[in-house]
Amino acid sequence: MSSLASQLAQIAANSRSTLNTKVLKAAHSKSLIFEPRVAATQTYPEIYSICLEGFEELCNLDSRFTKFTQSLWSPQSQEADRTQMSAAENAALDKHVEAFLHLCGSRLRLMPTIKAIEWLIRRFRVHEFNTAALIATFLPYHTIPAFVTLLSILPANIPKEYRFLDPYIRSLTAPPRAAIVQQATNRPELLTAISQYTLDSCKYQMEYPGLISFWGGVMVEATNGLLDKYRSGRRSIQIENDNALMQQLGPVLSDAMVMKSSPGLQIASYMVVTILAAKGGLADNALTAFMDQLVHGWTPETMRPGLVTLCIISQHRSAKQLSARVTKALLKVPEVASVMNEIGKDHRVDKLANGLALALVDRLHKKGDVRSLPVVNSLLLGNVLREKQIKVVYKSLLVAAHRINDQVDQDGAIRKELGTVLVSLSQAGGEVGDIVRATIDEVDFDIDALELTLGASIRPKLAVEDAPEAAAEDNNTPKVDKEAQVAQNFEKLSKLKPQTASCFAEEPLDLLEELYSLFLSVAANESNLQKFDEAPVLSRPQAPTKLFYASFYMRLWCGSLPTLAKVAALDRVKNLLKDEEFATLDFQAVVPYAIVALSDPAKKVRRAAAELVTVLGSFYETKPSKARRVWGSEGLYAKNAAVNWLDFDATKSLIHSVLIPSLEESILHEDHILAALTNALESSKSKDGDKKHLSHSTRFAIFKFLSSHVVGTPLIAVKLRLLQSLNQIKSISGTSRTDLLLSLLQWWARLSEAEAQQLLAREAVDEASVNNAFVDVVIANNEAGLRLIFELIRDSNVITRNGLVQSLFSRVQKIWSSMKAETQFSTARALLTLSQAVHPTSSEPDVIATEATDVLHKVELTTDILLDFLESLYDDIKKATEKPATKRRRVGSSEKSVDSQSPADVSASLSKATFVLELVQESEPAKHPELLPSLFTTLSELQHLRTVVGSELGYLQSLVLSSLLAMMPAYKDSKELTIDPAAGHGDILASCIQRSSSPTVINAALLLVASLARTAPDVVLHSVMPIFTFMGSSVLKQADDYSAHVVNQTVKEVIPPLIETFRKSRRNLVASTAELLTSFVVAYEHIPSHRKQDLFITLIENLGPEDFLFAVLAMFVDKYGATDNMLAFTTQIIGSFSVEIQLQTLIKHLDLISDIFKPKPVLSAALLAKVDSNSEQDVVKLATKQLTLLPKLLVNRRLRHEISGLAEKDDMESVKIRELYAQLLEGVLTLAGTVKPKKDTLYTRCAEALSNLLNLLSIAEFIKSVEALLDRPNVILRQKVLRALERRVDSESINNPKSREALLAFLPQLTAVIRESDDMNYKHTAVNCVDKIAEKYGKKDLDAVAAAAATIAGDSCLGQPSQELRVMALLCLASLVDVLQDAIVPVLPIAIPKALGCLEESIKAEKPDGALHNAAYAFMAALAQHIPYMISGAYLDRLLVCSNASAAAGLNEECRDSRTDCLQFVAKLIEGKVLFTALEKNWANAASSGYLALEEYLHVLGTALDKHPKSSIAKNTTLFTGIFLNAFDLRRSGVLSSTQELEKIELLINETSLKMIYKLNDAAFRPMFSHLMEWSTTGLPKSDLAGKAQRQVSTYGFLQHFFENLKSIVTSYASYIIDSAVKILSAPLTSDDVLKTLRSRVLRTLTKCFEHDQDGFWQAPAHFNAVAPVLVAQFGHAAGADNCTNDLVLAVVELAAAADSKEHHKEINSALLKHLRSEQAAVRLAVIKCEQELTARLGEEWLQSLPEMLPFISELQDDDDEVVERENRRWIVGIEETLGESLDNMLQ
């Protein structure tokens, strides 16, 4: 049974359907928009109509929402109930809901979206049925308020992955991002849920940037956290953790990286993968899988970030080749190598590039993919690989070259391409080339054989092609094997005819090419090579006489063939020379070619060449007796080639002294042999000693020998290699290399472009190197060579060879510096002519002119050359601007006259002018100052040329001006250089500036003016003003930095001499420059904002800030008004100058303002706007602007900062600044006095300026600064200074020790002023200063303050008749009491009487003086507060009397407050006995002074009673007795005529008396109480009944208050009043009001006694019987006019309650009932009311006597008086209510 119950409970808990109406209502109230109470009342149609609006808006925003119109948003959806749907229907609905939520995700911040989701929540309860999807949709927006609202409506059980939200659901706060990241790190299910939601959104193309950013951020941080979490020190555990991590993240990242429709998701996944790779320490297989997946999914949009990710992954992967998939993908990237190079600027790409290169090389040799070679080449050359990687890749290329076979590369194309790449890499420059060459040296397989293989891969096939038809053979023909092919080659070789002629004389190119190919095919095999060597065509047996054999091999090793082939060729010749039959020959013809071989790039070639040279050396060890025949002396070269052969000695020297000693180094370094040869030919002295030097003749012979071979050999490579050495030799024995080699240049230049290119291509040499080497044969100052150069330049055939032309001009440029001056001059003229040559037939730019121009730009031109150019330029410009002569104009029959040169001539002139002026500018004009006159002339002529051309010619003018400007320093530094002032240069510049519209020209001209003003001011000063006027409207407006520089320079250089000129003229300096200042000020609004401040600071600095700063600031404010911007700007300006300058400026500014108010202003009229001096309104307006500026200038930061440092200095500078400060202060004070009558605004500005001025200096420095002012005879000024000091003291910090010391030190001076001055106002100000100083700092120097107090209290101050002075003195003394306290005691015997006298005087005066009155009280209050013992005896009596008089005088509220404040201090602080004695004495005076005096008296007494201790009160009971007896006798004394005032005073007396009673014990107070009762009854004569009654009224008023407040504790004191009360009540009634009041107070007093009796006091028969009969008897008087019926009834009721016994009740009741038979209705009525109250109060207790009452009640029912009868009925009702039964039966 229990199991079934638990199952049912579980089902109920998980069920979403219920019949509980409260639960249903609560579920219906869940809403994103509405409050629960509102939502609970809404119907589904209402909700649908509201939410449908949001859905429709979403449909307008995104048409994808419309597909939900027929499902979630159909009208029928209003009736949907998920609890009634089947599982299949709910599943289908879930799909719609989740799709809709995905689509809403991007617009959750929009209200229409919230409305739409509201419908899903209200109708479909998605927060319960689709909780996970709803939370996932909102989670990226976890910071917005809507998310918190969502949390508030979620069900109690949310999906497990989102349980971390529970605390936030409870607190209804948004979860921070850090919490989500932490949970994603520690809860895999949360990270999976977020990832799956994101992937689904991307899959449906419903993602948005916010979602991707959220997922990416969480994923990255969670991945980082997981990596930290899974990190372990044990390898096995780490592997397990890595596997677990990959299982968790791998599938998500894999899906994300291939989501091509979502680039953002892909990039975000790349970030995560990057974290994993960088921090995860993953295995290579995992990283490779990531790389494969990445490239599988990337798109053009994500390719670049993907590449970056690949780079990062690769850096954490082993250095091995990439997978096939990654390699293929990278090959598809356009320009992948350049892209990697670019990425490499920010990331390391070397491992990725290395892996790619290795993979591509692998594809190359396995699949023959030749497309990869350019990529590998680019990667190797692209600076993306490191040294080791470059070596590995290059080695892999070499290995691939070995491995490639005919199966992969059938036609040899791949090997050809690979060979080209390998060779190009080996010849590359820079670091990569060095690494590759080092790699070649390091490899352990035969590079030469490889090279030969690669080179032979094509050529053998070419060799066997018998005829063109062979190419057309069927492709299916079986391939001939290599051996058969070699045999065919040899068969072909055997059929060739023998050759004898030198290969250098005749060039059978076809034969040579064929022989080369055959040689290459056999070079690797020695036997085949031997067969080749023995071929008839080579004619080896005739080698001693025939030249073909040796020249063939010599030509071969000088060509661009593989290394192995070159070595084989060298070996053939070496072996040849070893034969004895050659011993009689002179083989010096081989030497030049051996030198070429020794400089070959390949070390093996150089080694073979060295062996050859060694063999050659053996021929020249001993001189033969007979001259040997020189091999090749006939027919080695062409017939017209003459070779200068060496004799034996020269040959021996060349070989044994130059070549053989250099062989070892030559083998190591390819350049060594040429350098050794150059060194040997350059000098006869050798570094090694005299024994090895070459003689002059030998060097000359070798020089000619080698030169002749260079000219004779047909091989360009040989010429080029030998020229590397020969071009280093200028001349030997007067014969220059130009003389020997010029024919070489002539030959090369005669070749057409096609012929030259054919030669270059055949030998694979660089054209530029050849051109440069051939042109370099021309040396400087060789007329023939230079003449040939210019002839060639002008040759129409040479013009087509651009490279040669460039080399010719480059040679001219190279040898320029070595030319003589005359040669340079002539060459420069020729170049200028060429540069200006025009070829109208050429459509392209003239190469000759361009090159000539380039040379002239690059060479250093002398002054003479430049002068010549300028003169030629001047002539051309002059011709262009002059009109033709009259005769020429009249030629022809036409009437039309030619007024100018043709446009072509003008254009040529302009072109030449431009070029020449550019040359001048580039030639560092400062080095050619002699050009200045010519340049000014040119500038002048350009002004005329402008008119002819109709153009600005800005560029030309700028060139001239910049050149002139560059010369200025030279003129300034050299006294020998002068500028003629009469030449009119200044006018030329002024004209140039005014007529030009080019900012560049204007700027340059202004800079030149500035420089001239500094260098030769007389040249330009007379032209300055027009220039500045023009500047204001043009240059100042420019925003560029250069214009700013120009203006600054102009200002710096021109203005100082201009100002100096004005000074010499003895005119008003500032007024004289008003026009200049105005031009700058007016231009202010046009000047770019960033330049304004610097410009005007520069202007002011050069004008002289001490004279002009104030003027500029004033003009600014005058022109533009005192706006915030202008005030800020002027403040910045003044803040840029020193303190001294600023203070001088402010003083002058004050003078300027003062000048405004003069009847005939002078300075202000010159600088400021013109106003009518008679119009006060205009003058005030003008002055207001300036006075608004003044305070702002005083608060600039620099002024405040620097002036604050004065205290640390005491030098002349600080003294000067203090003087200026004092002068400025005086000026401000004086100006304030001037403007005060004018207008309040002006005075306010002055006050503000004064405040800012006072705050500038520290108080110590301020005092130092104003000391001189205080010595002035002008008392008004002195007073103003002290007032300024007073204001300054207010602002000082109390904690500033320096301020304290300074002010206290100043006190004696103030005291002297008070003592000695006759001016009351001055004294007043001094006292005020003392007051403020003492208040802040007085406690630190009591002696000084005490001295000041004595002076103030004396006759010179407080004793003066001046009311204001006395007030100030009293207030000051009050402050000093606080400061000095006991130290002021010696002063008080003088001060107190004077103060009290002032107080009495202030009250007695016809018109009371409130200020004096309050000041006196302030002083007395200070005394009472701080030294109360000094107020005693007569002083206190006098003070109290004065206070009474003050109260009676009816002064204002302020006076009353000051008086009461003082009396409060008196009451609290003066010793008790003294105070109470004085109060007792003062009662009569207070009483006679009226109500207010009495009230204050009683307040003082009450306060004293509160503040003094019980002991003090107890000791003075006698005094208190006297005081209170006097008080209780107040009514009798009759001093108060107003009953209301009397009652208030009596109430106050009673309250005050209680304060005393509270502090007394019973023993002390009971005698006082007894004495009081005795005094009230017997204290007056018996005859004074009225007085006695009045005294008793007061007494019983007190007694009532006494018993009412003290209650039961004083009940026993009632025994003292019983007799008196009975006597008063028993007295016969009279009509006296006093007695009526007395009877009433007696009854009330007894009532309070009865009411608070808790001890049975009134139960005692003695007490009860004494009072009860008398009280009841009072009912008999109820009919009288003075009855106190109400008081009587209350008294009787309280007595009955207090008596609390049947006997007493019966006695009272019996007595009362007797009065019911009274004849008087009033008596009966009073008794009935009493009975009513007793019945109500005592209830059944009282009704115990009901039987006795019934007869009387019955009788009263028929009473004659209706009121009595009615009250009787009420009494009956009261009884019935008490008893709970009717009295009718009893009354019957």
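Note that the numbers count up from 1, one per residue, in the order the chain is shown.
Here the Cβ of each residue, glycine as well, is placed from N, Cα and C on the backbone.
Positions annotated as region 'Disordered' by Swiss-Prot: 884-905.
Summarising the annotation, Swiss-Prot assigns repeat 'HEAT 1' to 585-622. Residues 427, 441, 448, 544, 550, 554, 557-558, 563-564, 566-567, 570-571, 573-574, 577-578, 628-633, 636, 643, 645-646, 648, 651-652, 654-656, 659-660, 662-664, 666-668, 670-671, 673-674, 677, 705-706, 709-710, 713, 717-718, 721-722, 724 of the same chain sit 6 or more residues outside the repeat 'HEAT 1' (585-622) yet have a Cβ under 8 Å from a Cβ within it.
For the repeat 'HEAT 2' (926-962), the residues of the chain that approach it from at least six positions outside its boundaries are 863, 866-867, 870-871, 873-874, 877-878, 880-881, 900, 906, 909-910, 913-914, 917-918, 920, 969-971, 974, 977, 979-980, 983, 985, 988, 991-992, 995-998, 1000-1001, 1004-1005, 1007-1008, judged by C-beta separation under 8 angstroms. According to Swiss-Prot, the feature repeat 'HEAT 2' maps to 926-962.
What Swiss-Prot lists as repeat 'HEAT 3' is 1049-1086.
Per-residue pLDDT, averaged over the repeat 'HEAT 4' (1257-1294), rounds to 71. What Swiss-Prot lists as repeat 'HEAT 4' is 1257-1294, and the listing cites sequence analysis.
Through the fold, the repeat 'HEAT 5' (1301-1339) approaches residues 1258-1260, 1263, 1270, 1275, 1278-1279, 1282-1283, 1285-1286, 1289-1290, 1292, 1294, 1345, 1347-1348, 1351-1352, 1354, 1356-1357, 1360, 1362, 1364-1365, 1368-1369, 1371-1372, 1375-1376, 1378-1380 of its own chain, all at least 6 residues removed from its boundaries and within a Cβ separation under 8 Å. Annotation comment: Swiss-Prot describes 1301-1339 as repeat 'HEAT 5', evidence class sequence analysis.
Within its own chain, the repeat 'HEAT 6' (1703-1740) has Cβ neighbours under 8 Å at 1659, 1664, 1668-1669, 1672-1673, 1675-1676, 1678-1679, 1683, 1685, 1688-1690, 1692-1693, 1695-1697, 1748-1749, 1752, 1755-1756, 1759-1761, 1763-1764, 1767-1768, 1770-1771, 1774-1775, 1778-1779, counting only residues six or more beyond its boundaries. According to Swiss-Prot, the feature repeat 'HEAT 6' maps to 1703-1740.
Same-chain neighbours of the repeat 'HEAT 7' (1744-1781): 1702, 1705-1706, 1709-1710, 1713, 1716-1717, 1721, 1724-1725, 1728-1729, 1731-1732, 1735-1736, 1787, counting only residues six or more beyond its ends whose CB sits under 8 Å from a CB of the stretch. Look at Swiss-Prot and you will find 1744-1781 tagged as repeat 'HEAT 7', backed by sequence analysis.
Residue counts for the repeat 'HEAT 1' (585-622) under DSSP, split into helix (H, G, I), strand (E, B) and coil, are 27 helix, 2 strand, 9 coil. Within the repeat 'HEAT 3' (1049-1086), the DSSP-based counts of helix, strand and coil residues read 33 helix, 0 strand, 5 coil.
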